[in-house]
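Chemist: The following block contains the structure, expressed as structure tokens.
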């Protein structure tokens, strides 16, 4: 018996401590991963910018289109601002804060996480100047990729591309609505005014996406080569509805998920991926959460089908399904050669939250091979993160700056060229390729926290700057990892939401919402007529809000060259007009209103309609 004493002592020692996720410093990895977002910032950098080799950039974005589009994030190693992956990035960062805010706070990174989210949502507010207009890209991938320049001095085309009713993009508008709705939950306590503003934009964007349907890359065709919408837009409409329900507790969005789950593929597709294009697995995970929380009501049969598909996705990751996801010999899930790591981090996030959802509801995962304990999902997520951080056949960390063996030649313009703060010598478009891209040496600027594309199907990796499939990072690689790292850093301390779940809706036939009377439905001033109507209403925190659509009609036989409106008793945001002091006029993009045509603008507030009157006008 004595020879087993050391083993017994070791076991006793282990039992004295909670089983922690040892081996890697997840808190350090979390802190580094947030720095990457600061390296990707576009616009005027704040004074507390911690990535000091970066400087201001993209300061005229949107100017040629008459809109301010300064800010936001560069998506990867280039200098283009792509709206669809940027919105997904913000949605996933917000989801991380919603579920793991306590853990982020314990690591001292909650504030930095919220700042990273706001950097994105501030930009989306600018990119959504009217209810049915959304700017979805700044810059052109073709011309941008022709050059290798620092973002601070790029000479490439900065044209802005938008979607509108004539050129729709339901996937882009839907994902942006999801991002705004999720972020509104994050700011609900710390900045309630900003939270309400984000939710207002989310409502508008969802309406736009749902009413004017179409794929965004059919309207913004320059995006097709880089971020083609292969899955279409039905997944984004369901995704946006799920986030709007979580943010507003509005029964309409729960009903939308229930009514459209079958027709839009939410209950039909068993997924093997989740990312910026395909959102079904994320939708299924969220709807399963609503079901576990007892919120499904009459939609429970449909929501159970959503959950079956969520279970199927999780089981395929664990190798316990009839259709399992491919893994490398070293155990990393593998989807494709180009930037495979995006699917690793996003799947790891879903398994992490699903493990906690199941644990909270005292449920098990149902797989074809039998029931599986939720802890196995969390262990799977840990295995993927550990692989990223260095537990792999190459002993390589795929997070730049973490560990001793990480990529040194990242496919990234900003990090591969000496900082403009160190050497202000202008780097020309093609000269950047000759001088900096082709260098064999390490990057002059450390892109701390960046998750690169990662190894191939056989765990092989080539640390070369021209190997963009493996060495290029992306914001949507890092975003899902925030929540996973925060959760793993807490060990087995348990699942604890930072923000309370909204109360479950009362399952009964809702009373009709009383709408205020529009006392002056038609108001005319000479040849200009004004018609106001309520198009929607909702309740938030006990207060009813109304969306007013106001139509200005040119009844004359000549074009309306200029118009000044007086709007009194307006207590909320307004879209569709240009503003100068207390006067409102035609939007900047409209030079005149033709005879017989109309202009619509929208405002939202929680009382009777504003008093809209014509102050002056000029006919051509």
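Glycine is no exception: its Cβ is also placed from the backbone N, Cα and C atoms.
Features from Swiss-Prot:
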SIGNAL    1-22  signal peptide
ACT_SITE  78  active site, nucleophile
ACT_SITE  411  active site
ACT_SITE  463  active site
ACT_SITE  472  active site
CARBOHYD  554  N-linked glycosylation site
CARBOHYD  564  N-linked glycosylation site
Chemist: Taking the Cβ of residue 564 (N-linked glycosylation site) as the reference point, list residues of the same chain whose Cβ is under 8 angstroms away and which are at least six residues distant in sequence.
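Modeler: Within the chain, residue 564 (N-linked glycosylation site) has Cβ neighbours under 8 Å at 583, 584, 585, 614, 615, 616, 617.
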Chemist: Between residue 472 (active site) and residue 554 (N-linked glycosylation site), how many Å separate their Cα atoms?
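Modeler: Spelling it out, the Cα of residue 472 (active site) and the Cα of residue 554 (N-linked glycosylation site) are 53 Å apart.
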Chemist: Given the recorded positions 411, 463, 554, find the one whose Cα is closest in space to the Cα of residue 78 (active site, nucleophile).
Modeler: 411
Chemist: Whole-number Å only: compute the distance from the Cα of residue 411 (active site) to the Cα of residue 463 (active site).
Modeler: 9
Chemist: Mind checking which of 411, 463 has the fewest other CB atoms within 10 A of its CB? They're the active-site residues.
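Modeler: Sparsest of the active-site residues 411, 463 by Cβ contacts within 10 Å: 463.
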Chemist: Rounded to a whole number, how many Å is the Cα of residue 554 (N-linked glycosylation site) away from the Cα of residue 463 (active site)?
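Modeler: Pair distance, Cα basis, whole Å: 63 Å.
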Chemist: Around residue 78 (active site, nucleophile), how many other C-beta atoms are within 10 angstroms of its C-beta?
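Modeler: Here the count is 25.
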Chemist: Could you tally the C-beta atoms, other than its own, that fall within 10 angstroms of the C-beta of residue 554 (N-linked glycosylation site)?
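Modeler: The answer is 22.
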